Amino acid sequence: MTDAVLECRNVTRRFGGVVALKDVSIAVARGEIFGLVGPNGSGKTTLVNAITGFYPPQQGQILLDGQPINGMKPFRIADRGVARTFQNVALFHGMSVLDNILMGRHIYMKPNPLASLFYPWWAAREETAHRRKVEEVIDLLQLAPARDEYVDVIPLGLQKRVELARALCAEPRLLVLDEPMAGMNQEEKEYMVRFILDAQDALGLTVLIIEHHMDVVTALCDRVLVLNNGQQIAQGPAREAIADPRVIEAYIGKPRDAA
Amino acid sequence: MFYRLSGTYHTSYRADRRLWKVPTDRWLVVALLVLGAFAPLYVSPLYLGSYVLPWVIWSAAALSLTLLMGLAGQLHFGFAAVMAIGAYASIHLTRAGIPFEISLLLSGLIAAVIGAVFGGAALRVKGLYLVMATLAMQYLVDWVVVNVPWISGGAHATLRTPAVSFLLLPLDSLAARYWLALGWAVLLTVFFMNVKRSSFGRALVAIRDKDFAAAVIGVDPFRTKLMAFFTSSFMGGVTGAILAFCFYRAVTPEQFGFNVSIQLVAMVLVGGLGSVIGSWLGAGFVLLAPIFLTNIISALAATGWVPVSQNFLSHLPLMIYGAMIIGFLLLEPLGLAKIYDNIRKYFLVWPFRHARS
């Protein structure tokens, strides 16, 4: 596969004696939605943390558009165009929804005390220019009614959408979503799927998504990787991969165990 | 009531980000500015020199500290040392013949560099450990100032500030010194509000609220914290210089001791972390409340209403002052700024009880 946005080659990550990831290799093609599936503790979030630089892999390589990014600090990887959301919402509670989403534009801004001092002549231009992009994303995700609320007073479903908006504003080459539907009801999940597909459509995104809900996975993902105990047990088109006997075994056990 | 507001409607992004969106607030600011600027005309020199002037300068100091503690969330318990660096640097620079305006800037830069060096060393740790590291800065700077005669002029020496003028304004009258201090405090206030609505301030708050989430959207944590230390120390250094030239007019190491650092932290906390108006209110409260309490209680004692011993009488204001601080923090942990905000919001929607914010 030549046009891979993200490529992981034999990524291994250990924590002491625990092997959280063992020889995991994936290639996410441009414009694709790639799913990461697996039971709890199978290493999905560890893989995402390896990609975004929080837990650099001890072995193997991670390439973004052919450039190695393993071992880089998280903010440098963000600068290269990887945006992510977190399983537990990680918004900035001291800021409004708008400011949180504006933070997503940070890699394009040049924060500087002097710019702030001469605000009307300097920083205001930056603010207005980036505000346009932010408002596009706010429109896309239908966040306008919550724009001026503080993020800690809005419901969880909305917070997750704000986090998605923040990631989208970075215009990422690769968007990594860590369980964007966690804690949502069926209706909110369906909305979220719609928002992700809309955003992909409008912005031409490449997405790596961790998800537990199989209905969501089959609705969204072109291909998936199934992990179990840090090892990849199946990879391929969504429906085929999750129908693999080893995947079913990892999730609900072997037929003879049921007896 | 006096806000007469049915909502604020913006037609441009710039208008949405303006500082005072409500017309009444704008008039209030203008009125306060006029009152402040003409204070030397209607406030007696005694009150101007011993109450208003220090309040203005300490508000600037509190603003400097709250940029670091309130916005960036980095605790600093040695801020008086930063101000000491600014004060001593400015005196030595003006004595060396450098114009006062330039030596103000340079003393701010010197304080900023030293503050950022300490900050950079301290930034490997967080929370209480950062408090310890900044305390170390306080004691180290104290020690160096006292023990290097070239800086302090001897063990118990007092350095008098030379006669200077700022731009074309000679700082020989109280009014001139007050205007310089007020100008600086107003500049810092405007700066602080602009920081809060620009990318620099957002990066600081992001680091404070969730550092890993800040990193994942491209904020360099170390660089941003260092910038916070640098900026805050620059502001503190110049404020220290202004404190020396406009208020004390002579500096000794004791003016910038550990207790002053704690007093600054108290101003920032009582006022409300990271708040502009909180810095002004907090500085005013910490400076003036003990004085007013002492005056009130001694007046009451003179009329015979407080039948206690003289000894107890001298401690009573401090006890009430302490109780007031605890009371404020218990009832409104977000400080005086939040109390002001509550009152403002009440009148903003009066006679209704709730606003659709």
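Glycine is treated like the rest: Cβ placed from N, Cα and C.
Since the structure is predicted, the reported quantities are computational estimates derived from the model, not experimental observations.
Copied from TrEMBL, the annotated features are:
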- B:27-47: transmembrane segment (TRANSMEM)
- B:53-72: transmembrane segment (TRANSMEM)
- B:104-123: transmembrane segment (TRANSMEM)
- B:130-151: transmembrane segment (TRANSMEM)
- B:176-195: transmembrane segment (TRANSMEM)
- B:226-250: transmembrane segment (TRANSMEM)
- B:256-278: transmembrane segment (TRANSMEM)
- B:285-306: transmembrane segment (TRANSMEM)
- B:318-337: transmembrane segment (TRANSMEM)
* So are the transmembrane segment (B:130-151) and the transmembrane segment (B:226-250) touching or not, going by 3+ C-beta pairs under 8 A with a sequence gap of 6 or more? -> no
* Which sequence positions outside the transmembrane segment (B:27-47), separated from its termini by at least 6 residues, show Cβ-Cβ distances below 8 Å to it? -> 20, 56, 174-175, 178-179, 182, 186
* **Contact call for the transmembrane segment (B:285-306) and the transmembrane segment (B:53-72): at least 3 Cβ pairs under 8 Å, seq gap 6+** => yes
* Structure fact -> Near the transmembrane segment (B:176-195) in space but 6 or more residues beyond its ends, with Cβ under 8 Å, are 19, 33, 36-37, 39-40, 48-49, 52-53, 56-57, 59-60, 63-64, 66-67, 71, 166, 169-170, 201, 204, 235, 238-239, 242, 245-247, 276, 279-280
* Structure fact -> Tertiary contacts of the transmembrane segment (B:104-123), defined by C-beta under 8 angstroms and 6+ residue spacing from its ends, are 74, 78, 82-83, 85-87, 89-90, 93, 98, 130, 133-134, 137, 141, 222, 225-226, 228-238, 240-242
